[in-house]
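Q: So Swiss-Prot lists these for the protein:
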BINDING   G12, T13, S14, L15, D16, G17, V18, D19  ATP binding site
Amino acid sequence: MMKQYYIGVMSGTSLDGVDLALMDFTLNPPKLMATDFTPMPEKIREKLTALLRSGETSLRNLGEIDHQLGLLYAESINRFLQKVRLKSEDICAVGCHGQTVWHSPNCEFPFTMQIGDMNLVAAKTGITTVGDFRRKDMALGGQGAPLVPAFHQDLFFAAERLTVVLNIGGISNISVLEENCPTVGYDVSVGNALLDSWIELHQGKRYDKDALWAKNGKISTALLTDLLAEPFFQQAPPKSTGRELFNLAWLNKKLEKFTALSQPMPSPQDVQRTLVEFTALSIANELKKLQKSDRTNLLLVCGGGARNPLIMQRLTALLAEWQVSTTSEFGLDIDYVEAAAFAWLAYRRIHNLPSNLPSVTGAKSEVSLGVIFPK
């Protein structure tokens, strides 16, 4: 039987780099065969950070970043192929998410924008590429996110338990898998985005490795209470969010209240510890609404946040009724779940199979997501 190899490519809101996953769909369930990671080049990262913080740029700058990302994705794929000793003709298709620079599903003119020229990816790799996964769902009245729960359902559903897959990337989202219930999935809170932005601002580091900085900070109860008062947490699912809400400007507005009220300002380290608590507590608050008393509650954590020992420790402590684990313990590397999902989405698009879940996104109907860019 000819191998059904697909490559998934993902660069998320954390801007750390490009994740690549090789999936074999001749197997059921599909198997993760190999992974790779390309760090985000500093110049591209700086441009993206500036764009995401301001939400404004020139058309020329946007076009240049779009081109640069397309080349980066293509080069990353070609290096990956060399690493796993495969040729472009061995791959059925690439599923490339692109880089989200704006996601606004609830405004008068809803739109989402992912950049990274897929024409370049297809041309430079010689592999049919599927991209632009979110806009068809939004055209059908959906949120365009999250898209990964359908993949989680395929891999992790088990009738005897409630399973929740929690991805802690830049933003935290969940997939809720339960017998006799439609799968639902939605964004629940911030993930690493604020933690990474804050430590970069104050320590010049990309992220807080092993939460070493946060561990020695103290929780500011006043700040934590204000962060948890964000109206997003009161919205009913399905819902989605991103850096356009949870960013340094949002955090600084909260901190400015301390000055306005003549209260002592928390130290940068205390803010970092408070952000960890905010992340864990806002996630746990949502999960407690879902837990069952008559069966096992299993939480499978993936994404960069699963490597943060303080977040994992706090989730375990806050969720006494849950078995807290990671996707790695169930066969899918915590760092490559989303990349693997976009390989799955590409497979579904090439075979014209539905890949959104209206119960998740709120779309009017099922549809095969993505635009095909021939090689």
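Glycine residues also receive a Cβ, built from the backbone N, Cα and C atoms like all the rest.
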Q: Taking the center of the Cβ atoms of G12, T13, S14, L15, D16, G17, V18, D19 at the recorded ATP site, which other residues in this chain have a Cβ no more than 8 Å from that point?
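A: Here the non-site neighbours turn out to be M10, S11, M40, G169, G170.
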Q: Using CB atoms and a 10 A radius, I'd like the single residue among the binding-site residues D16, D19 with the highest neighbour count.
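A: Compared across D16, D19, the most Cβ atoms within 10 Å surround D19.
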Q: Near G12 (ATP binding site), which residues of its own chain have a C-beta under 8 A away, given they sit six or more steps off in sequence?
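A: Listed in sequence order, they are D19, T100, G169, G170, E338.
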Q: Which residues of the same chain, at least 6 positions away in sequence, have a Cβ lying under 8 Å from the Cβ of T13 (ATP binding site)?
A: L52, T100, G169, G170, I171, G191, A193, G242, R243
Q: Find, for the listed binding-site residues S14, L15, G17, V18, the residue with the lowest Cβ contact count at a 10 Å cut-off, counting only other Cβ atoms.
A: G17
Q: Does DSSP put L15 (ATP binding site) in a helix, in a strand, or in coil?
A: coil
